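Presented below is the structure to which this report refers.
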Amino acid sequence: MALSAAIVLAAGEGTRMRSNKPKVLHAFAGKTFLNRVMDSVAALNPDTLAVVVHFQAERVAEAARSYDEQVTIVNQDDIPGTGRAVQCAMAQLTEAGKVDGPVLIAASDMPLLDSETLHRLVEFHTASGNGATVLTTILDDPTGYGRIIRDREGNVLRIVEQKDANRSELAVQEVNTSVYVFEASVLTEAIAGLKSNNAQGEFYLTDALETAKAAGKVGAFAAPDPLTVEGVNDRVQLAALSKTYNRRVCERWMRDGVTILDPETTWIEDDVQIGRDATILPGSFLQGHTVVGEDAIVGPYTTLIDATVDEGAVVERSRVQESHIGARTNIGPWTYLRPGNEFGEDAKAGAFVEMKKAHIGNGTKVPHLSYVGDAQLGDHTNIGGGTITANYDGVHKNRTTIGSGCHVGAGNLFVAPVEVGDNVTTGAGSVVRHAVPSDTMVYSENTQHNVEGWKPAWER
C-alpha cells in the first residue's frame, strides 16, 4: 500500500472555539488535535506528509515541525475553503515532484482519527480501483455535517454541505468525515474546476467528487466506529468527546485488571501504563508517560505527570511530576513533588512536604511540613517536621547531603552547600551551616529569654 502523499488540513481558525489559539492546537487527552492526526497519518508511511496552514500560520507550522522536522508546510492564501487548501498543497507538491499515486487528505479536528481506519480506507480505495474514495460514517444526529448523496444503485453522487442541503438531503444520516483518498491525477483535474458558488462563498473540496466521477470511479468507505471520525467544533463538543473517550480508556484498563472506582472522575491519557491490581481512586489525573506499577494505589485526588510509581507504592492527594517513587513508598497526603525526585523503596514523603531534585534512600522518611530541594538523603534516615534545606543563595542552587541512619530533629535548617555524615543526630531547631562528620550529635545552642509580666499591646 504505497501512499504518495498525505495532506493534513490545519488552516482554519475554529471560531466556535472562542479561543486566541487555532483550534488544531487545543489539547485532547494530552496531545493537540494536530499532533494526534499527524500521529495517525504518519503511521501509514506516506512518501510526503504536508500540513496546510493559514490562521496563525507560523504557530501551527512550528507545532507541526516539532512533531516532524521533515514535514512539508503549505501556506494557504486568503482564498477560503478546503478546496483551496488542497489546491495550494497540490501546487507545491507537484512543483517539487512529490506526487504520483494515492493522496490521503484529512482534516485536523478529529482527535480520535486512528491509523487502523485510515489503513483500511486506503486499502479499500486501492482494491476498488477508485479514482476517489471518501470516508463516511452514519450518525443518529448528522447536524453540521455534509451529507453523502447516493444514486439508487448506491454509488456516490456528491456531498452536500449542511447550509446548501434541501429537506430530503438533510434527512440523510450518512455523512462526510472530511477524510479522502484521491489518485493524484484525478485530484489535480478535479480541484482545477472548483467554484465558490455556495452559501459560504468558499472552494469546497467536496465539490471535487462530482468532477472526479468523470475521471474515475468514486466510492465511499464507512468508518466502523463513528467515534474515530467525530469532529470537534466547540468546547462543548470537546468536553463531550473527551468524556466518552476517557470512559473507554478507563474501561480498557479495568478489563486489563486495574481497579478504577469511579471512571467518571478518573482521567487517564493515552501514553500512561498501569500494572495489574493497581487501584486508581476518584479525582485522579494520570498524564503524559506516567507508569503505575502492580498493586500501587493512586488517589484520591492525585495528579501524576510523567511520573513512575513502582509496585505497592501509595500516592494520596498529591501532585507528582517527573519523579520516580520506589516500591512500597508512601506519598501524601498533600505532598508536592516537583521534577527530578528519586525515591528508594519503603520511603515516605508525608503531609505538606515539597521536594525538588531530591534523592531519598530506602526506608527514609520525611513525614511532614518540610522542604527538601537539591538534596541527597541516605537510607533509613528520619527527617523531623518543619525541616528546610536552604538550597538557593540568590544566584546558584546548592546541594545538601545527609547520610544514612540519621535522625534530624524538628525545625532544622540546612544551609547548603552542606554535608552531613552517617548516623548523625541533630537537635530540634538546629541550623546546620558546616559539614558534620559521621556518628556525631549536632545542635545549635540558642539562648532562651523570658520576659515576665509581659502584656500584648492591646492589653497595655
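Count begins at 1; order follows the chain as displayed.
Just so it is clear, glycine is given a Cβ too, placed from its N, Cα and C backbone atoms.
A quick note: this is a predicted structure, and the numbers were derived from the prediction, not measured.
Some features that Swiss-Prot has for this protein:
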type     : residues                                                                                  : note
ACT_SITE : His368                                                                                    : active site, proton acceptor
BINDING  : 9-12, Lys23, Gln76, 81-82, Gly146, Glu161, Asn176, Asn233, Arg338, Lys356, Tyr371, Asn382 : UDP-N-acetyl-alpha-D-glucosamine binding site
BINDING  : Asp109, Asn233                                                                            : Mg(2+) binding site
BINDING  : Asn391, Tyr392, Ala428                                                                    : acetyl-CoA binding site
REGION   : 1-235                                                                                     : region 'Pyrophosphorylase'
REGION   : 236-256                                                                                   : region 'Linker'
REGION   : 257-460                                                                                   : region 'N-acetyltransferase'
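A map of Swiss-Prot features onto the structure.
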| residue | record | DSSP (3 states) |
| --- | --- | --- |
| Leu9 | UDP-N-acetyl-alpha-D-glucosamine binding site | strand |
| Gly81 | UDP-N-acetyl-alpha-D-glucosamine binding site | coil |
| Asp109 | Mg(2+) binding site | coil |
| Asn176 | UDP-N-acetyl-alpha-D-glucosamine binding site | strand |
| Asn233 | Mg(2+) binding site | coil |
| Arg338 | UDP-N-acetyl-alpha-D-glucosamine binding site | coil |
| Tyr371 | UDP-N-acetyl-alpha-D-glucosamine binding site | strand |
| Tyr392 | acetyl-CoA binding site | strand |
| Ala428 | acetyl-CoA binding site | coil |
Response to the item:
Students should find that the Cα atoms of Gly146 (UDP-N-acetyl-alpha-D-glucosamine binding site) and Asn233 (Mg(2+) binding site) sit apart, in Å rounded to an integer, by 14
Worksheet, complete the sentence: So Arg338 (UDP-N-acetyl-alpha-D-glucosamine binding site), by the Cβ count within 10 Å over all chains shown, scores 16
Worksheet entry | Lys23 (UDP-N-acetyl-alpha-D-glucosamine binding site) as reference: those recorded positions from His368, Asn391, Tyr392, Ala428 with C-alpha within 10 Å of it | none
Worksheet item: Cα of Asp109 (Mg(2+) binding site) to Cα of Ala428 (acetyl-CoA binding site): how many Å, rounded?
Response: 59
Fill in: Model confidence over the region 'Pyrophosphorylase' (1-235), averaged pLDDT
93
Worksheet, complete the sentence: Densest Cβ environment (other Cβ within 10 Å) across the binding-site residues Gly81, Gly146 belongs to Gly146
Worksheet, complete the sentence: Whole-number Å distance separating the Cα atoms of Asn176 (UDP-N-acetyl-alpha-D-glucosamine binding site) and Asn233 (Mg(2+) binding site) is 15
Worksheet item: Which of Tyr371, Tyr392 (the binding-site residues) has the most other Cβ atoms within 10 Å?
Response: Tyr371
Discussion item. When you rank Asn391, Tyr392, Ala428 by Cα distance to Tyr371 (UDP-N-acetyl-alpha-D-glucosamine binding site), which of the binding-site residues ends up on top as the closest?
Written reply: Asn391
Worksheet item: Record lists Asn391, Tyr392, Ala428 as binding acetyl-CoA; longest Cα-Cα distance in Å?
Response: 23
Fill in: Structural state of Lys23 (UDP-N-acetyl-alpha-D-glucosamine binding site), classified by DSSP into three states
helix
Worksheet item: What number of additional C-beta atoms lies within 10 angstroms of the C-beta atom of Asn176 (UDP-N-acetyl-alpha-D-glucosamine binding site)?
Response: 25
Worksheet item: Taking the Cβ of Ala428 (acetyl-CoA binding site) as the centre, how many other Cβ atoms fall within a 10 Å radius?
Response: 14
Item to complete: Determine the Cβ neighbour count for Asn391 (acetyl-CoA binding site): the number of other Cβ atoms within 10 Å of its Cβ.
Response: 23
